[in-house]
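Quick notes on the structure that follows.
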There are 2 protein chains.
Amino acid sequence: MIIVRSTAELGRALARSRELGKSIGYVPTMGALHDGHLALIQEAKRRDDVVVASIFVNPLQFGPNEDFESYPRDEETDLGLCEKVGADIAWLPTAEELFPPGFGLTVAVPRLSSVLCGQGRPTHFAGVTTEMSKILILLAPTAVYLGEKDFQQLVVMRAMVRDLGLPVEVRAVPTVREADGLALSSRNTYLSLAERPIAASLFRILTDLTTQLRTESGEVAAVLAAGRRQLIEAGVHRVEYLELVDSETLDPVPEATSGNRLVAAVRVGTTRLIDNVEV
Amino acid sequence: MIIVRSTAELGRALARSRELGKSIGYVPTMGALHDGHLALIQEAKRRDDVVVASIFVNPLQFGPNEDFESYPRDEETDLGLCEKVGADIAWLPTAEELFPPGFGLTVAVPRLSSVLCGQGRPTHFAGVTTEMSKILILLAPTAVYLGEKDFQQLVVMRAMVRDLGLPVEVRAVPTVREADGLALSSRNTYLSLAERPIAASLFRILTDLTTQLRTESGEVAAVLAAGRRQLIEAGVHRVEYLELVDSETLDPVPEATSGNRLVAAVRVGTTRLIDNVEV
């Protein structure tokens with residue numbers, strides 16, 4: 001595995017592959033890698049000739065009171081994991097090069113970015129799409145691999161790539177979970193021992209609700225209201241949202257249809273968790 | 001000259017040139033072509049192997065109460081002019097293809113876009129950069145040619161191209177003027193016979209002020225205040241702004257330095273005119 005930092009090094013590392021017309025699979029990460037990230041790299045390895053994984057805690061996607069400074073960072077461990085699962089190039093971009101002094105661009109999909117997580121994190125998705133549009137133009141991969149766990153991010157990224165006309169395929173990879181169903185997330189390390197089972201109740205309740213939504217059509221509002229109560233009863237401190245949405249527009253749907261997505265964001269203690277299940 | 005409408009036709013028309021590694025010069029226009037546009041095409045012809053001129057009245061860059069509907073359109077005359085000055089490909093994109101239903105992207109450089117013309121036209125430059133980022137990614141020209149008349153547009157476009165990392169050179173072409181100094185603009189056709197000499201006073205006054213600014217250093221605020229009075233005395237109905245700015249940041253400068261830009265927007269009757277002169 002080649003480790004590169006500057007875009008010049010990245011260009012040199014990929015030059016031969018580009019000449020030969022090899023396909024390039026790209027896995028963007030913020031480090032603190034877990035099996036969810038590794039599944040993305042493995043899927044890229046399976047489908048593309050060359051796999052580039054990036055590790056970069058993107059400052060643009062953190063709000064002023066969020067955990068940018070405290071976000072877990074462990075470069076050495078992350079690089080070891082990238083190599084182990086077969087990444088060909090690990091790219092550690094620098095903020096200085098991606099966002100030099102005077103940088104003033106915003107690339108956004110405002111409507112899709114303002115709903116759901118966007119209500120509590122109004123600048124988050126614009127931070128993601130600004131960074132990712134720049135990186136996808138620079139790297140020009142064949143495909144970018146994103147986890148379904150961050151479902152809204154996946155939808156926003158698909159829209160950005162399509163609307164900007166970037167020649168990149170966005171490939172979704174299913175969420176990887178702990179044995180008890182908790183979706184893997186770098187932020188799970190924030191959970192206390194007592195909070196851990198409460199966090200696991202999120203997926204269990206989402207799965208139950210999905211079964212109800214599939215069978216009890218026409219009762220969406222009632223199922224969601226009951227779901228919010230169940231989450232609180234399970235020990236969740238706050239339900240930021242629990243919604244059934246169209247999987248492309250993210251619009252709330254009044255009646256469950258195949259392909260809809262049940263999406264949720266909750267607080268367990270001070271830790272914010274998100275998850276989603278297809279209906 | 002080849003005339004194309006769809007991006008597929010455009011791709012085919014350029015395929016051979018791309019294979020041969022020819023340089024592609026791109027001139028974006030909204031039609032209603034005048035000698036200012038033709039100077040852009042001629043400069044592209046001089047510097048690049050293949051010249052693509054587009055004609056497209058971009059709906060995104062018009063505000064809700066602006067002249068999108070009434071903006072002058074004359075495709076046949078425009079195509080004749082493109083051919084006459086040597087464009088190789090005239091591209092007439094469709095709104096349906098550039099901005100299909102569900103299009104929700106915004107590409108913007110908010111700070112540079114909110115000052116000067118951005119104060120009266122808050123969505124204008126985001127409309128320009130959203131359209132142009134998409135077109136530059138799609139067309140992938142070697143260089144894009146822009147007139148200095150729309151100076152803020154030039155600065156905003158340079159910032160967008162740089163921040164997004166697009167491999168395109170932005171080339172500025174000096175403003176083309178009538179014999180009396182009036183900067184050519186498609187909107188000059190809106191001027192009545194009586195308004196025409198008032199419109200011409202804009203450039204004369206800007207030139208006078210520039211001479212003063214070059215010689216009377218430290219008196220910027222006084223020179224600009226006198227300039228605003230002169231414009232009104234010349235018959236201009238409203239001075240939207242008259243500022244001396246840094247030519248990259250567009251920040252007002254308290255003291256004139258070589259390379260600063262004196263920029264103005266005025267109303268002559270109901271017609272909005274802009275112009276600028278280098279100090």
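Backbone N, Cα and C atoms are what each Cβ position is placed from, and that goes for glycine too.
Keep in mind that TrEMBL annotations are predicted by a computer and have not been checked by a curator.
Here is what TrEMBL says about this protein:
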- A:30-37, A:147-150, A:V176, A:184-187: ATP binding site (BINDING)
- A:H37: active site, proton donor (ACT_SITE)
- A:Q61: beta-alanine binding site (BINDING)
- A:Q61, A:Q153: (R)-pantoate binding site (BINDING)
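Here the features listed in TrEMBL are painted onto the structure.
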| residue | record | DSSP (3 states) |
| --- | --- | --- |
| A:M30 | ATP binding site | coil |
| A:G36 | ATP binding site | helix |
| A:Q61 | beta-alanine binding site | helix |
| A:E148 | ATP binding site | coil |
| A:Q153 | (R)-pantoate binding site | helix |
| A:V176 | ATP binding site | coil |
| A:S186 | ATP binding site | helix |
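Taking the Cβ of A:Q153 ((R)-pantoate binding site) as centre and 10 Å as the limit, one finds 21 other Cβ atoms among all the protein chains shown. Rounded to a whole value, the Cα-Cα separation of A:Q153 ((R)-pantoate binding site) and the residue listed as 'beta-alanine binding site' is 11 Å. Closest in space to the residue listed as 'beta-alanine binding site', of the binding-site residues given as A:M30, A:G36, A:E148, is A:M30, taking the CA atom of each residue. Residues within less than 8 Å, Cβ to Cβ, of A:L33 (ATP binding site) and separated from it by at least 6 positions along the same chain comprise A:I55, A:T77, A:D78, A:L81, A:C82, A:S186. Other C-beta atoms found within 10 angstroms of the C-beta of A:V176 (ATP binding site) number 18, with every protein chain shown included.
Residue with the densest Cβ environment among the binding-site residues A:Q61, A:S186: A:Q61, by other Cβ atoms within 10 Å. Sequence-distant neighbours of A:M30 (ATP binding site): residues of the same chain at least 6 apart with a C-beta under 8 Å from its C-beta are A:I55, A:F56, A:V57, A:N58, A:Y71, A:S186. Note: A:E148 (ATP binding site) has non-local neighbours A:L154, A:A172, A:V173, A:P174, A:T175, A:N276, i.e. same-chain residues 6+ apart with C-beta under 8 A of its own C-beta. The most crowded of the recorded positions listed here (A:G36, A:H37) is A:H37, judged by how many other CB atoms sit within 10 Å of its own CB.
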